[in-house]
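Quick notes on the structure that follows.
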Amino acid sequence: MKCVRCRKKGVIHLKRHNAAFCQECFLYYYKNQVKKNIKRHRMFDKEDKVLVVISGGKDSMALWHILASEGYNVTGMYINLGIGQYSDKSQQVVESFAQKNGLELIVKDIKKEYGLDIYKLSKLLKRSTCSVCGSIKRYLFNKVAYDGGFSAVATGHNLDDEAATLLGNVLSWEEGYLARQSPVLESTHPKLVKKVKPLYTLTERENLFYVLINKIEFLHDECPHAVGARSILYKEVLNRLEEESPGTKQRFITSFLEKGRRHFQDAQEKLELRECSICGQVTTTEVCSFCRFVKLSNQNTEN
Ligand code: SF4
Ligand code: ZN
């Protein structure tokens, strides 16, 4: 199959666009998608400071690389969550990439800096590891972004992630989540930084191709806690649909954003936001969950 743009030999076929690209034209397509998404949803511009959430996986590494190459003012942020070898390996990958490419990187280690252990907390609070981990990540990314004067926090969520999340939310009619599902989550409080997803129209496969072409090192392993997650099943189901009918995932997301989402706007929870009495970050309770985690961990070490 020939490249649709230059007619040279195509090396990647994107069925949903009924198009093949050579390596060079794929990079042109990829860059245009990212730039279009940023512009269409007014995510940020070249003057803004953007904090990029980095896990070390292909999606976040691709995002960091493309934004830096396009001249955006980006800083990577990596959190060591204390997940055994997975955390050690991913930190190495991220630090070595930042060093080789002269990129700014902020690293937080929840055990060393705050004495937090997601496994202990999950047992004490009878909450899943992912739920504890998710709360810690959301808190730290926002806090670092707010304290550092960043205009946006960018994540590497791709089309497969977004379609799987949407399917999960539709299956149980999670109206509140459906109201919030968007490539841009605007700030609802002066201390909450806007969240953006510049890769939401690109698939996992396209991100993989991007990192391979650019020889970007990334961690191939998934977090061990992701195994068996419901979202993986939804991705498999959507892949099956995509095989039979290319373009399903993209139609699902774009038509939801254009036609479906507005019907859920009233379901947006009007939570009363306040500032945590310990750290001053935004919460709905007297003390935020992060400060409660820190207190609980310290009490537990003392006992
Ligand atoms: Fe945290 Fe791993 Fe769960 Fe993701 S899959 S929320 S990184 S524990
Ligand atoms: Zn707090």
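Glycine is treated like the rest: Cβ placed from N, Cα and C.
In the shown protein chains, 19 other C-beta atoms lie within 10 A of the C-beta of CYS22 (Zn(2+) 1 binding site). The Zn(2+) 1 binding site annotation in TrEMBL covers CYS3, CYS6, CYS22, CYS25.
In this model, the domain 'Rhodanese' (33-95) carries an average pLDDT of 98. Taken from TrEMBL, the feature domain 'Rhodanese' applies to 33-95.
According to TrEMBL, the Zn(2+) 2 binding site annotation covers CYS276, CYS279, CYS288, CYS291. There are 23 other Cβ atoms within 10 Å of the Cβ belonging to CYS288 (Zn(2+) 2 binding site).
The Cβ of CYS276 (Zn(2+) 2 binding site) has 20 other Cβ atoms within 10 Å, all protein chains considered. Taking Cβ-Cβ distances under 8 Å and a sequence separation of 6 or more, the neighbours of CYS25 (Zn(2+) 1 binding site) in its chain are CYS3, VAL4, ARG5, CYS6, LYS8. The Cβ of CYS291 (Zn(2+) 2 binding site) lies under 8 Å from the Cβ of CYS276, ILE278, CYS279, each of these being in the same chain and 6 or more residues away along the sequence. Each of the binding-site residues CYS3, CYS6, CYS279 was assessed for Cβ neighbours inside 10 Å, and the highest tally belongs to CYS3.
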